[in-house]
């Protein structure tokens with residue numbers, strides 16, 4: 001009951017106040033009051049000197065800043081800048097513009113701003129800025145009875161943003177907007193964020209195609225120059241790059257091209273046209289991807305994260321092409337050389353056999369034999385007669401490599417038999433060794449090279465990806 005009575009009493013008290021406000025607003029539009037407002041504005045501007053700041057010679061003027069971010073239009077890695085559109089508001093108190101008799105704020109034409117003192121605010125890292133002028137110049141001037149001036153502008157500025165692209169495109173960037181007084185030092189003017197944490201609005205509504213705004217920070221500080229100390233406000237945006245675009249446009253194509261280059265390991269090694277065409281195509285494709293990426297980035301002296309990945313993919317693709325070059329050399333290079341060497345050895349053996357079969361007879365009727373070394377120990381073929389027979393005769397006459405048969409003792413015949421047995425033993429050992437060599441895999445076999453490549457390339461490329469993503473993501 002008591003609550004209902006309080007509400008009724010409050011309603012009765014507020015009703016006269018509302019009537020008074022309506023009457024004042026209505027009276028301001030009356031011709032007599034319009035002339036009074038005109039006289040008030042004329043009186044404020046009469047004798048006003050825009051060359052002097054408010055309270056000249058006294059304490060510094062406190063200028064409050066508010067920013068309503070409309071959009072971040074572009075972030076350029078090539079130019080190292082970003083474009084920002086905002087509603088920029090400044091407020092300060094100028095006692096020369098205080099008035100009485102009109103309990104209303106006076107919103108004046110934007111051209112009146114040219115007749116009033118305004119702070120010499122500028123953007124320190126600005127490259128190009130302009131105030132919008134459609135349909136009229138987008139600026140506002142509003143006066144309060146206590147002399148407070150509200151000055152608003154709609155500005156689009158392109159500000160420098162120095163980026164560290166070592167982790168590109170897995171990077172985060174900090175882009176700032178530096179607001180500073182150009183001529184007035186801290187003895188004449190002070191800047192502050194009007195509204196504290198609420199001085200900057202509209203950031204949460206912004207959506208960028210390649211970035212996400214993780215956080216923003218407002219800073220107020222003083223900077224020292226040779227001409228004095230100046231006030232500075234900083235608005236810093238923390239931008240995190242979205243990786244989805246680069247996965248679809250760069251990482252995935254590079255990975256697929258690298259895997260495609262391994263198809264040559266399953267193609268027959270004598271299909272030179274197919275394997276060479278595939279290898280060259282993959283190498284040129286990787287080169288095209290790298291070239292296109294470099295065109296969209298500045299020419300910086302350090303290596304970026306995406307450069308390391310593309311370089312790794314290019315190395316794997318190039319090694320796949322070199323692998324076939326090695327296989328081709330083994331199969332088509334050494335093969336004919338070995339075959340030619342084998343034919344030369346065979347012809348030399350046949351020539352030696354013909355020379356061994358030649359029989360010469362001297363004038364006395366003796367058989368002449370040239371001194372030849374035993375070429376084949378496994379054959380055991382020797383010119384032996386009457387082994388163990390003491391009557392067997394072989395005469396020897398050493399002159400110009402001529403041998404005559406002379407009688408051979410039983411001891412010499414026994415030694416010949418032992419030599420023949422040793423030759424047979426050596427032949428068996430060599431045949432056994434050749435059988436063992438067949439069981440050992442030949443490292444120059446082209447099929448084994450392709451088989452090892454089918455396992456080596458995917459495993460090493462997978463390890464490369466694991467190390468790369470663990471390092472740059474974390």
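The backbone N, Cα and C atoms fix where each Cβ goes, glycine too.
Within the same chain, residues at least 6 positions away in sequence whose Cβ sits under 8 Å from that of residue 182 (histamine binding site) are 120, 121, 122. Annotated histamine binding site per Swiss-Prot: 122, 181, 182, 227, in sequence order, evidence recorded as similarity to another entry.
Sequence-distant contacts (6 or more apart, same chain, Cβ under 8 Å) of residue 161 (disulfide bond) comprise 75, 80, 81, 82, 125, 173, 174, 175, 176. Annotation source Swiss-Prot lists disulfide bond at 161-175, citing similarity to another entry.
Residue 33 (N-linked glycosylation site) falls within a helical segment according to DSSP. Counted within 10 Å of its Cβ, the other Cβ atoms near residue 33 (N-linked glycosylation site) come to 15, all protein chains included. Per Swiss-Prot, the feature N-linked glycosylation site maps to 33 (among others); the stated evidence is sequence analysis.
Among the features that Swiss-Prot reports, N-linked glycosylation site is placed at 105 (among others). Neighbour count (other Cβ atoms within 10 Å of the Cβ, all protein chains): 11 for residue 105 (N-linked glycosylation site).
For 174 (among others), the entry in Swiss-Prot reads N-linked glycosylation site. Residue 174 (N-linked glycosylation site) falls within a strand when secondary structure is assigned with DSSP.
Residues annotated as signal peptide in Swiss-Prot: 1-25.
Among the features that Swiss-Prot reports, topological domain 'Extracellular' is placed at 26-245. Across the residues of the topological domain 'Extracellular' (26-245), the predicted structure has a mean pLDDT of 93.
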Residue 105 (N-linked glycosylation site) and residue 33 (N-linked glycosylation site), Cα-Cα, nearest whole angstrom: 14
Distance, residue 105 (N-linked glycosylation site) to residue 181 (histamine binding site) (CA atoms, angstrom): 27
Compile a sequence-ordered list of residues in the same chain as residue 227 (histamine binding site), six or more apart from it, whose Cβ lies below 8 A from its Cβ; state 'none' when nothing qualifies. 185
Sparsest Cβ environment (other Cβ within 10 Å) among recorded positions 174, 181 belongs to 174
Tell me the coarse DSSP state (helix, strand, coil) of residue 182 (histamine binding site). coil
Among the histamine-binding set 122, 181, 182, 227, as the record gives it, the longest Cα-Cα distance in Å: 17
